[in-house]
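Annotation source Swiss-Prot lists transmembrane segment at 11-31, 41-61, 64-84, 92-112, 132-152. Taken from Swiss-Prot, the feature active site covers Asp122, Asp140.
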Amino acid sequence: MSSSVSSKTRYWVLALAAIVLDQWSKWAVLSSFQYRERVNVIPSFFDLTLVYNPGAAFSFLADQGGWQKYFFLVLAVAVSAYLVRAILRDEFATLGKTGAAMIIGGALGNVIDRLIHGHVVDFLLFYWQNWFYPAFNIADSFICVGAVLAVLDNIVHRKDGKKT
């Protein structure tokens, strides 16, 4: 098991880097912004802001009275545990392991928010004219990119039937 763990070090480092970058960025925003304050970075395209999300992506279940905090905590920990196990058992090729590590780091970054603040801290706001993409954070970005990598890994290796 120790050789398996040591050969996977780069994935644990990636997950930890995602958590650290996410938490540092949220600390910087929480230290610099008032709730709902917005600062334009790229005119008509990108702002930094501070908003709280008690739900999931796109504020899914945000207005449900609080139970969703525990649901998303359990879900994130369960998915992360499954992905850790999958990495350790070599159930993914390199691309999939990289994606899994990114998902783990992002999920645990948001878990930390839920435990400390009771909600997730979001601050990246992209928009065009009257269209706004929901505010999100670095952890969400790691989760999304990780999911794309995992899907690509699955598509590529489903075709050739082997892991690399």
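The backbone N, Cα and C atoms fix where each Cβ goes, and this holds for glycine too.
Residues 18-19, 21-22, 25-26, 49, 51, 53, 57-59, 92, 95-96, 98-107, 109-110, 113, 120-126 of the same chain sit 6 or more residues outside the transmembrane segment (132-152) yet have a Cβ under 8 Å from a Cβ within it. Rounded to the nearest whole angstrom, the C-alpha distance between Asp122 (active site) and Asp140 (active site) is 9. The 10 Å shell around the Cβ of Asp140 (active site) contains 22 further Cβ atoms across the protein chains shown. Of all Cβ atoms in the shown protein chains, 22 besides its own fall within 10 Å of the Cβ of Asp122 (active site).
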